[in-house]
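J.: Encoded as structure tokens, here's the structure I'll be asking about.
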Amino acid sequence: MKKLVIGILGIVIALFVGLLVFLIPIYKNLPDPKLLESWTPPQASEVYDAKGRLYGTIGIQKRFYVSIDKIPEHVINAFVATEDRNFWHHFGIDPVAIVRAAIVNYRAGRIVQGGSTITQQLAKNLFLTRERTLERKIKEALLAIKIERTFDKKKIMELYLNQIYLGSGAYGVEAAAQVYFGKHVWELSLDEAALLAALPKAPAKYNPFYHPERALQRRNLVLKRMLEEGYITPEQYEEAVNKPLTVKKENKYKFSDYFLDMVKSYVFNKYGEIAYKGRLKIYTTIDLDYQKIAQKSLEEGLKRVAKIIGLPFLPKSEEDMELAYEKEAQLKRLKRGKIYVAKILKYDGNFMKVEIHGKKLKGEIKGLNTEGHKYVFVKYLGGNRAEIIPDLEGSLVSIDVKTGEIKAIVGGRSYAYSQFNRAVKALRQPGSAIKPVIYLSALLKGMTQISTIDASSKPYYDPSKGEDWIPKNYDEKEYGNVTLRYALAHSINTAAVNLLDKVGFELVLEVGKKVGLDNLKPYYSLALGTVEVTPLQLTAAYQVFANLGTECKPFFIKKIVDENGEVLEENVPECEEVLPKPETRVPVDMLRAVVLEGTARRASVLDRIVAGKTGTTDDFQDAWFVGFSPYIVTGVWVGYDVKKSLGKHMSGSRVALPIWIDYMKVVTRMYPNEDFELPPENIVVNINPKDLVLADETCEGVPMVFVKGTEPHITCSDLNAILGLR
């Protein structure tokens, strides 16, 4: 018996020594927990609007570090009750919790409960990999012990609550409080604190934005555990458990937006490591009020367009498409010509195979990009045929005329659905919106707005096609001689092409470069906007017109300050006169006529002094309106993400202009209703539109702007006298 005991004791000692031999090198090679004393996790940088209001945040991780003193006791207690009930008493690992978890998991036949402490979670997340091996678990336990020997419990809790991922892009309790509730962590109520503590186990599964019922059940479980641990009274429990979820639903898709993406790209490309570290204060030119109006105007305008073209709705997220698809499950049959939501099955060359609840269909892709999407709109064509409907999209850019500051920019109808920023990346044909460049070129050659141009149809050689091309007018009418003013106001295509031929490519391309359109090609179809531009480029070009020949380069970053208060950069307007004021003032008057008597007449409802130009491309693929007051210039584009017709008569006037009006009717009220500056070299005279002479008391007249010396001097009376002599 004695030998047996000695033998067993020897085995135990040998195992213990072997364990020490195995553990000591691992323990010695563990990271030094003192590194946490200087731990500076990536934090968010704050982006402010032009008035100093917080617009949003950017960064690798959305985190705002807060000291333990700012975190309420009920928030701390919620996490302790849920994640580590013995946190205040264990030494880094909790043997009781490990045994309890082992028993529960054994009985369940699967892992349903963990035994890791908060300190172990901290060790794993900050120092170790996520591989599931015995060695990693041992390292985690040993490192947790080391951390407990280095820091007090309050510091460990502070590190944990600032490090933990809580879903929706939020790291730490302060960021999560802002994302889910729109408030600081020290402002959270008991039920709100419990919801945050419900998230570490599975942030996606219990995300209250997407799974409110699960989140509510999990929150109530946290409250129950707080009651069991004595952190709250039965009365507090009853009050909190009966409260509904109160998350800030508008933050569901606010992880970023098109403008924040622009800021992030700019800062990270320019500052690299400094940007990754975060904690910058970035002051921008954007006005939050303008931006909200822009987003609403674009969204409402696209809804109107969607209704016209037959789209059942415009999704804000992929979730919207999924819900619509599920609702279609009750359909008994598909109606030919109707648009449905279909599930994408696979791509087959230039075709896409889709399904609508058992009905498999096939449609041509035509350049459609559905990356990241599982569902798509389709028009049922009968049999197994479908027309794949691309995303209806739009963008809006608004720039301060006098400074070049971008005041609002929206790159699409929903950032959550598509992150592609059409305002700065989408290359689209501007259609007739390019025409002011040609008309200004004619004025620089000595013509006036009442000079006439032959507007008859003529064939022109198109080098891109290698054949003759005859321009057509939107209204399919034929015209004779018309004034430049009338031709621009009514967007007569044949007049624009003939004028381009008369003025010559060299001057037109030169003027294009001066307004920032440096990719114009010497083709006659240029007069109809066959070049590709971004909405930002085209809007910036109109800024030069609105500012009477002075270009102010568009910019959106005013100042960047680092965490120490050092100014990294500060930007001011860069303005330069690129075109003569007198000649540029004349096309501004002509663009005013577009609003007063031409294709943009509906903009006159603004009762403000504005000017602008519609644009519609071939087959109604792109719809534009770019217009301005003396203070603000705004461009709107509407179209599909691929080159596809919006439908017959879906012109810039019908599609884009209403969005522009909705935005400008609010924004222009923030400025004086003043006319455009009249340089001393210009003169305003009343012109009789019938005879193109000076109006006097014998005839009606329309006020028009001329460069002094180019205005007519014959009056209606003079003309009548001359005709009488004949």
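Yeah, the Cβs are placed from backbone N, Cα and C, and that goes for glycine too.
Swiss-Prot feature annotations, pasted as is:
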{"type": "ACT_SITE", "residues": "E83", "note": "active site, proton donor"}
{"type": "ACT_SITE", "residues": "S432", "note": "active site, acyl-ester intermediate"}
{"type": "REGION", "residues": "45-213", "note": "region 'Transglycosylase'"}
{"type": "REGION", "residues": "379-662", "note": "region 'Transpeptidase'"}
{"type": "TOPO_DOM", "residues": "25-726", "note": "topological domain 'Periplasmic'"}
{"type": "TRANSMEM", "residues": "4-24", "note": "transmembrane segment"}
J.: How many Å separate the Cα atoms of the residue listed as 'active site, acyl-ester intermediate' and E83 (active site, proton donor)?
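T.: Pair distance, Cα basis, whole Å: 64 Å.
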J.: What does DSSP assign the residue listed as 'active site, acyl-ester intermediate', in three states?
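T.: In three-state terms, the residue listed as 'active site, acyl-ester intermediate' counts as helix.
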J.: Ranking the active-site residues E83, S432 by other Cβ atoms within 10 Å, which is at the bottom?
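T.: Each of the active-site residues E83, S432 was scored by Cβ atoms within 10 Å; lowest is E83.
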